[in-house]
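Copied over from TrEMBL:
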{"type": "TRANSMEM", "residues": "6-25", "note": "transmembrane segment"}
{"type": "DOMAIN", "residues": "196-333", "note": "domain 'GyrI-like small molecule binding'"}
Amino acid sequence: MKALTVLAWFTGIILVVFVILLMAAPTKVHIEKSQTINAPVQVVWDYITRFEKFNQWSTWRKIEPEAQYRIEGVDGTVGAATSWKGKKLGEGRLEHLSLKPFTEVRQRLQFFEPFEGTSDVYYLVREAAGVTTVTWGIDAAYPRPQNIMGMFMKRSLENDFSQGLLNLKNAVEAEKTVPQLPAAATSPAAKEGERPEMAYWTVRSEVSTKDISGFYAASLPRIFKAVNEARLSPGVPAGLYYSWDEKAGKTDMAAAVTLEAKGTPPAGITAVTLPAGKIVYVDFYGPYERTAEAHALIEKYLREKGRTSKWPVLEEYITDPATEKDSTKWLTRVVYYAD
């Protein structure tokens, strides 16, 4: 009888401690760590946005290198993702939601096993005098009773983020060279890839080829304003070309803004979803007036492979001319959907 009484008291104490922890432990965890790297921002950006390189310095990859790793989509672009499945790491996925070149990365981190959960991950990047500071953060939600687990995991995650940034620093500084950006006169290569489903808000019209710049100037600010008012996260601006009549000098096109999530646009703006599919693309560095060279490369590649393209054709304007004045460094990704 005495033993039962002691057991009951012991069980009661455990329950009280559990309830206290349950109520005291936070349901949200925020972690943010920073690291300075002796390298230009272009080098660092490549290591945090290309999952092929991320997996070289990732703390978790080093924990279980034998796990199954996979990269989806066009590496280094919005919608690209890396996924993993292992005995130690479980199963999960990390996806690019938005990329603001050389400034900010927003990602979605999902876990499927041994537990389910979704977190927001971000990088903030800035360069001064050839030294780049990277801030890596995460916002995770742990509803009760999972918040008890989150309380104990926070210290482990803080260590992982600190070690990961140190791994990044060592990897970048060991490279010591800046990736050479192709000059506008250098012909880039056509590449193949797979693209996930993409959502856009657009303004579409038949436009004279001479007036394309003016059409963008009138339409893109309007779309960005609508996206921000809807509290959606905008991606890069883009052009969707549904036809191109060289002789008539006209094109059926849409000025577009990539979206992180779908939403209902206001009047005058149309939501467009492009399905997942195989693509051929060119990363073209140079002024917009010379992007025709990239189109010619892709069309030549498709002819040689005996393949056909499908409308619309995309141009994604990844570099912001307002922050990068040198037009030879403007990156435009030209994308063709191809059978």
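Every residue gets a Cβ built from N, Cα and C, even glycine.
Helix, strand and coil residue tallies for the domain 'GyrI-like small molecule binding' (196-333), in that order: 41 helix, 59 strand, 38 coil [DSSP]. Residues belonging to the domain 'GyrI-like small molecule binding' (196-333) score a mean pLDDT of 92 in the model.
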